[in-house]
Amino acid sequence: MASIVAKPESAPEHCPGTQSDQAGKASACAGCPNQQICATGPKEPDPGIALVKERLGEVQNKILVLSGKGGVGKSTVTALLSRALAARDPNQNVAVLDIDICGPSQPRVLGVADEQVHQSGSGWSPVYVDDNLSVMSIGFLLASPDDAIIWRGPKKNGMIKQFLSEVDWGQLDYLLMDTPPGTSDEHLSAVTYLSQANLTGAILVTTPQEVALLDVRKEIDFCRKTNIKILGVVENMSKFICPCCAKESEIFPANTGGARGMCEELDVPFLGSLPLDPKVTRCCDEGKNFIEDLPDSPVIKALDQIITRLQMNCRD
Ligand SMILES: Nc1ncnc2c1ncn2[C@@H]1O[C@H](COP(=O)(O)OP(=O)(O)OP(=O)(O)O)[C@@H](O)[C@H]1O
């Protein structure tokens, strides 16, 4: 795993990280008050990395859900996958960790927005959506859902370290981590703290139009640079299926072959496409269980194939 580390609060914009070989030596370090300390100080690994490894020891599959663009449905896909994985096998334990610090949406989508997390001797207890589905999110720690979180990188880094090292998940088959769009502080923190925890890989979510595909290419590059296995790409909202007449329309025409074409070109697994179903949007807004409420939705049917491929790629 590439060495990517957190930045101190006073770091310049392009700080290479306090434990990088370039610490204190890169051109971005010129004028930084920590330059001398970084250039000469010992490079001890963050003790949080070992804590995360220990805490996640009983989590079999640790999966990051990434997207290049915002609004492509990454949180929805994370929630759909977690519900579907949990529904597939009641003996399988699934959890969602929402590390979208500034825009947490899992508490609402999973229908537990009014719950609170509790602290016990063994750490934070996640909120249970079902017997075998739990979730942890900064959304549970806010006094009001309207509160804005305006944090710089180091504070987000600290929160992610806490989430990864202090939540008492128990034994889990799948931990899906919902991230913000792009490759920002949250991603770097997560990759750093998971560097010894045997991260299974990443699922990339995109929509078919070219602007979204351009950004997902950057996510692929991010995964390759940080040695994260790409479990596959999900193309979301690929088609609109009319709830009245079931006619299919392409609302985001895939001029260059869509996500499937991109996956073939870049030799990345394609997990499948999910159509846009307005009933799913409503279910998510209301925090309902779409698997139970919408068994005939084309989204739920497409999800089944995606999960089968995902489980196969997790095992490979
Ligand atoms: N397949 C789908 N069918 C219907 N609605 C969908 C589908 N996928 C996503 N949506 C809707 O699209 C909107 C955006 O989805 P979502 O919040 O999951 O995007 P996101 O990529 O996580 O956004 P952000 O970048 O802000 O975190 C939501 O209203 C969601 O309900």
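All positions are counted from 1 along the displayed chain.
Using N, Cα and C of the backbone, Cβ positions are placed for all residues, glycine too.
Straight from TrEMBL, the features:
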REGION    1-22  region 'Disordered'
BINDING   CYS15, CYS29, CYS32, CYS38  [4Fe-4S] cluster 1 binding site
BINDING   GLY68, LYS69, GLY70, GLY71, VAL72, GLY73, LYS74, SER75  ATP binding site
BINDING   CYS242, CYS245  [4Fe-4S] cluster 2 binding site
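Positions of the features from TrEMBL, shown on the structure.
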| residue | record | contacts (Cβ under 8 Å, 6+ apart) |
| --- | --- | --- |
| CYS29 | [4Fe-4S] cluster 1 binding site | PRO12, CYS15, PRO16, GLN22, ALA23, GLN35, CYS38, ALA39 |
| LYS69 | ATP binding site | PRO181, THR206, THR207, VAL211, ALA212, ASP215, VAL216 |
| GLY70 | ATP binding site | PRO180, PRO181, GLY182 |
| GLY71 | ATP binding site | PRO181 |
| VAL72 | ATP binding site | PRO181, VAL205, THR206, THR207, ALA212, ASN236, MET237 |
| GLY73 | ATP binding site | SER67, VAL205, THR207, ASN236, MET237, LEU274 |
| LYS74 | ATP binding site | VAL65, LEU66, SER67, ASP178, THR179, PRO181, VAL205 |
| CYS242 | [4Fe-4S] cluster 2 binding site | GLU248, SER249 |
| CYS245 | [4Fe-4S] cluster 2 binding site | none |
Taking the centre of the Cβ atoms of GLY68, LYS69, GLY70, GLY71, VAL72, GLY73, LYS74, SER75 as the ATP site, the remaining residues of that chain with Cβ inside 8 Å are SER67, PRO181, VAL205, THR206, THR207, ALA212, ASN236
CYS32 ([4Fe-4S] cluster 1 binding site) and SER75 (ATP binding site), Cα-Cα, nearest whole angstrom
37
Restricting the binding-site residues CYS32, CYS38, GLY71, GLY73, LYS74, CYS242 to those with Cβ under 6 angstroms from ligand 1 leaves GLY71, GLY73, LYS74
Least Cβ-packed of the binding-site residues CYS15, CYS32, CYS38 (other Cβ atoms within 10 Å) is CYS32
CYS245 ([4Fe-4S] cluster 2 binding site) falls, by DSSP collapsed to helix, strand or coil, into coil
8 Å Cβ shell about CYS15, CYS29, CYS32, CYS38 centroid, [4Fe-4S] cluster 1 site members excluded:
ALA11, PRO12, PRO16, THR18, ALA23, GLY24, ALA26, ALA28, ASN34, GLN35
Quick one: pull the CA-CA distance for GLY68 (ATP binding site) versus CYS32 ([4Fe-4S] cluster 1 binding site), whole Å only.
31
C-beta crowding around GLY68 (ATP binding site), within 10 angstroms:
23
Among all protein chains shown, how many Cβ atoms are found within 10 Å of the Cβ of SER75 (ATP binding site), not counting that one?
26
Conformational class of SER75 (ATP binding site) under the three-state DSSP mapping
helix
Hey, does DSSP put LYS69 (ATP binding site) in a helix, a strand, or just coil?
coil
